């Protein structure tokens, strides 16, 4: 535990120092910041804010995790594969951000390109990950999936990678939501005695807390796809490494809700010829524009943040109740 906490502190400090340096470099190089293409008027003031800040906490967490795991003899297959997903999905996000920021391609990678790269990473993860079988744990019951586990693994990794990406829409929301999710998995890893996984979790929590110092409203930097895609893939990989895949549906309810809102909105829009369920999706924008009902007073970003963080925290506590009390 001491080693894991120490790794978290080091990553926190590295990110705390690294982000200001990153922002300064961004400004001096006169790199065009985040472009705003949303209908939320108050977001237009954020145009030009440095993005790709996730690169800082990602590098810090990966390097610290690797070195500490190596010297403490905890560089297991679990650690290696979680770090692999972080690096690969981070690279996908970096390429997406790079095209948007430097090549001025608003779309970045097109959906097919992004999906292909994410699937490639998922296949490599599956081939090298030593699970010890293709069993899926569902509420304590073991379900043998056989060859179909690879389909599940790809769906899980790609799905949650993109889900966290959708959640990263207002200042601080994704960073602390993931801190809450990682903390929940930290408890599960500790109970299982998987200190190697706990090490990586603490390292990333430290990095995210250091990043949040500059990402809370008003954000001085955004994590970009390089951060959000990597974090979503990490959560999926950790749930698989702990053999508690189903828990991510509850622990990650915020990301599930965000993604489902987009799917519902698009489907309903097509079926009804232009009608909408929500004011705007992902659903955090719906709350921004008109509160819970979408027709009331607009919520501040802080209010939306605390609402979603609260939901994530309660969902984590519910997961513990199901796992350890029921």
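Note that Cβ sites are derived from N, Cα and C of the backbone, with glycine treated the same way.
If you look up Swiss-Prot, you'll see 3-23 (among others) marked as transmembrane segment.
Marked as transmembrane segment by Swiss-Prot on the basis of sequence analysis: 51-71 (among others).
Residues 51-52, 54-55, 58, 61-62, 65-66, 69, 105, 107-109, 114, 117-118, 121, 124-125, 128-129, 157, 161, 165, 196-197, 199-200, 204, 224-230, 232-234, 236-238, 241 of the same chain sit 6 or more residues outside the transmembrane segment (79-99) yet have a Cβ under 8 Å from a Cβ within it. According to Swiss-Prot, the transmembrane segment annotation covers 79-99 (among others).
Annotation source Swiss-Prot lists transmembrane segment at 115-135 (among others). Tertiary proximity for the transmembrane segment (115-135) is limited to same-chain residues at least six positions away from its ends with a CB under 8 Å from its CB atoms, namely 77, 81, 84-85, 88-89, 92, 95, 109, 142-150, 153-154, 157-158, 161-162, 229, 233, 237, 240, 243.
Feature annotation from Swiss-Prot assigns transmembrane segment to 138-158 (among others).
For 169-189 (among others), the entry in Swiss-Prot reads transmembrane segment, with the evidence type sequence analysis.
Sequence annotations record features per position, and here Swiss-Prot assigns transmembrane segment to 195-215 (among others).
The feature transmembrane segment is assigned by Swiss-Prot to 221-243 (among others), with sequence analysis given as support.
Annotation source Swiss-Prot lists transmembrane segment at 306-326 (among others), citing sequence analysis.
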The transmembrane segment (3-23) touching the transmembrane segment (51-71) per 3+ Cβ pairs under 8 Å rule: yes
Spatial neighbours of the transmembrane segment (306-326) far in sequence, C-beta under 8 Å, 6+ residues away: 139, 167, 173, 176-177, 180-181, 183-184, 187-188, 191, 244, 247, 250-254, 257, 284, 287, 299
Stretch contact, the transmembrane segment (3-23) with the transmembrane segment (195-215), Cβ-Cβ under 8 Å, 3+ pairs: yes
Contact set, same chain, for the transmembrane segment (195-215): CB under 8 Å, 6 or more residues outside the stretch: 1, 3-5, 7-16, 18-20, 23, 53-54, 56-58, 60-61, 64-65, 68-69, 72, 74-76, 78-79, 82-83, 86, 171-172, 175-176, 178-179, 182-183, 185-186, 189, 221-223, 227, 231, 234, 238, 241-242
